[in-house]
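The following features are taken from TrEMBL:
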- A:20-245: domain 'ABC transmembrane type-2' (DOMAIN)
- A:20-42: transmembrane segment (TRANSMEM)
- A:54-76: transmembrane segment (TRANSMEM)
- A:96-120: transmembrane segment (TRANSMEM)
- A:132-156: transmembrane segment (TRANSMEM)
- A:163-182: transmembrane segment (TRANSMEM)
- A:221-242: transmembrane segment (TRANSMEM)
Amino acid sequence: MQAMLTHTKMEMRMFFREIIGLFFVFVMPALCFYFFGSMFGTRQYGDMTYFDRYIPGMIGVILFTAGFFIIGLQVVIDREKGVYKRLKGTPLKPAYVFQAILTKGFFAVFAGALEIILIAKYAFGAPVSGHLLQFLLSLVFSSVTFFAIGFVVASIARRFQSAMAIGFAAMYPMMFLSGATIPLDNLPSGLQAVSNFIPLKYAVELMQNGWMGQLFTASSLWDAVVLGSILVVGVIFSIRFFRWDTE
Amino acid sequence: MKNEQVIEVNDVTKSYGKVQAVQGISLSVEKGEVYGVIGPKGAGKSTLLEMLMGVRKADSGSISVLGLDVDQEEETLKHKIGIQLQATSLFDRVKVKEALKQFHSYYNKTRSLDEIIGLCSLQPYLNKYVRKLSGGLQQRTALAIALVNDPEVIFLDEPTAGLEPQARAELWDIVQLMKEEGKTILISTHDMEEVQTHCDRVAVVVEGKLFASGTPDELIAQLPGGDGTMEDVYLQMAVFQNGVSA
């Protein structure tokens, strides 16, 4: 137990020292949220305010950055450095290493989400959802799915540069074609069709439903099915292809 | 009286795809020995050591360390051995003291960190990032980490590679101290002068096979003319046999 706690503490400490991860989780989404909120904060989308729609949206961007950069990219960097190989020479169980990575991922998501909610509340006076439990549930489910995608990235990319390239290539579609930052209705029909292949779209929709207290309605079903399928495929793929060490 | 064998390797093989890195090596190491593994780059030394450390699995053959099977009794064994990989292999932004404390927490039985810090002369560097230290200090940190559990057997994979003479001498001094404490040390190196001084026995590995083994004197005696140094042994056996010009 002591080993697990110390290792988790170390992962967390490394997280706070990694500039790229901190930027993509705490700086970039907060700046984008403030920028877009200042421009479009008064808009209304049916029964949803701008903030009902884009608090979950920007938290979706944090999910993506946590999955791709905090987990996927960092695992590739640590593996390339031989960190996991060295740990394999100790009695530390691989499950503890895995647990520490997930803890770091959840911390990034929860802290980033709290930051967005606080910006919305104190900078724009937006009310916090009255359905926080539903929102939390949708956030946890979506996070796990994106962490699985992070491990898929770490299974595919053997080098830091490849993982970085995958992250950046995925970033723009995830940000702008998922409904996380701009309304999908405003996109040309071709891009709207493309958005159906962007996993973040389903996470954002599920979290928007959670935020509005509609998580357990039919409108969440398809999003949950798609995310669940990505999670299952991601886990199976990672079990088959993920390696702690490069031979 | 027969000495206690702490490492027994029987007909071990390991391949990476079509490359046969280790081809049927058998050897044994006795308690308290400093056992050197020498050979050219790519000979399979690191793969052999990593299989003994339990960080790589052999394709076939058996490895027993301290009477424990490296595959079957992995966890028990890892509490009793200390390892140093060829690269420092630590988190990118970790400080010396943090790394020591991190590894110290993984073991049931440990040695005092203050004692290890003193032994490896790391006191002035405890709050420095490992990656910002010189190669010699990075290796000393890695060696200190290998000692946190007061291991009975220590595996060191080229700990002196790329180091200046003084840093090399300091590392060998620590190896000597460990030997005096009765620990068994298996070390791969290109440092032939120190091999001759410090190693009780040496294995020469060429193209994944055990080419020769014995005490430095026995290996030197096998040279044409029966005279020379471990440098000559290395050149004759490891390099020329491998078809590589020195």
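Glycine is treated like the rest: Cβ placed from N, Cα and C.
Values in this document were obtained by computation on a predicted structure and should not be read as measured data.
A contact links the transmembrane segment (A:96-120) to the transmembrane segment (A:20-42), because at least 3 Cβ pairs that are 6 or more residues apart lie under 8 A. Counting residues 6+ beyond its ends, the transmembrane segment (A:163-182) has Cβ neighbours under 8 Å at 32, 36, 54, 57-58, 60-61, 64-65, 68-69, 72-73, 76-77, 153-154, 156-157, 191, 194-195, 198-201, 203-205 in the same chain. Among A:54-76, A:132-156, A:221-242, A:54-76 has the largest number of CB pairs under 8 A with the transmembrane segment (A:20-42). Counting same-chain residues at least six beyond the ends of the transmembrane segment (A:221-242), those with a Cβ under 8 angstroms from any Cβ of the stretch are 141-142, 144-145, 148-149, 151-152, 154-156, 199, 202-203, 205-206, 209.
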